[in-house]
């Protein structure tokens, strides 16, 4: 194995046989050589350094054993930006990009007036949602909450690296806002919604390596949505726009929770690119 091409060919075959994604080999090789993709492709017949090959083999073996590529290389792209990730946070996913897209598209029909809007991202993890919203819309005053101190360190680092103005709070769901007497115009959350039953269906890469507390509530997957129904009235203004990421089987159940908790709420269930329920948007009025 003397050339970059031979190293890439070996790793692609090795990982495919192990049931991993073939393109993982290229991502790891880019990381271990420090090359841009165009440079890598132009250098396929060049020799690979001994140190680079050693690191590459070690990282390929790690991924074969189930460690996500994103945790090995320490990053993932979200909404066109590079976010730092480690095993203290979930890896940002395309489905969550769709949640952000829907929020940015639909909030205008709710808030026609000018001025700052108070946005709270609950369970921020890597900060992908909060940072993206702060950068995509200057009228948003963004706060982010997480119960994990380690996750908040990652989120804060991402905000600083990307130049996003986000205020971070450690606490359980909306608890920091409730205690501080703060109010929100928009609440967004991608809570742990995978049911205990569905956990068995996840790939071992996700199940054994991403933070369990950020994936599942250990029950039916609805625990945190139910808690939101109790907390939202304590932080909302005259109206609040709520956007949740949901499991693909949870659309009807979460919609029903909202309608039972808030009379007159306007609730929409939106599908993701795969045609599965993924986002709930709800406009809730205080006096209805």
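Cβ atoms are placed via backbone N, Cα and C, with glycine included.
Features as listed in Swiss-Prot:
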BINDING   123, 124, 125, 126, 127, 146, 190  S-adenosyl-L-methionine binding site
BINDING   190, 191, 192, 193  substrate binding site
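Taking only the Cα positions, the spacing between residue 124 (S-adenosyl-L-methionine binding site) and residue 193 (substrate binding site) is 14 angstrom. Calculated from their C-alpha atoms, the gap between residue 125 (S-adenosyl-L-methionine binding site) and residue 192 (substrate binding site) amounts to 11 Å. Distance noted between the C-alpha atoms of residue 193 (substrate binding site) and residue 123 (S-adenosyl-L-methionine binding site) is 12 Å. Of all the binding-site residues listed (127, 191), 127 sits in the most crowded Cβ setting, with the most other Cβ atoms within 10 Å. Taking CA atoms as the reference points, residue 126 (S-adenosyl-L-methionine binding site) and residue 191 (substrate binding site) are 13 Å apart.
A C-beta separation below 8 Å, combined with a sequence spacing of at least six in one chain, links residue 123 (S-adenosyl-L-methionine binding site) to 145, 146, 147, 173, 189, 190, 191, 192, 214, 224.
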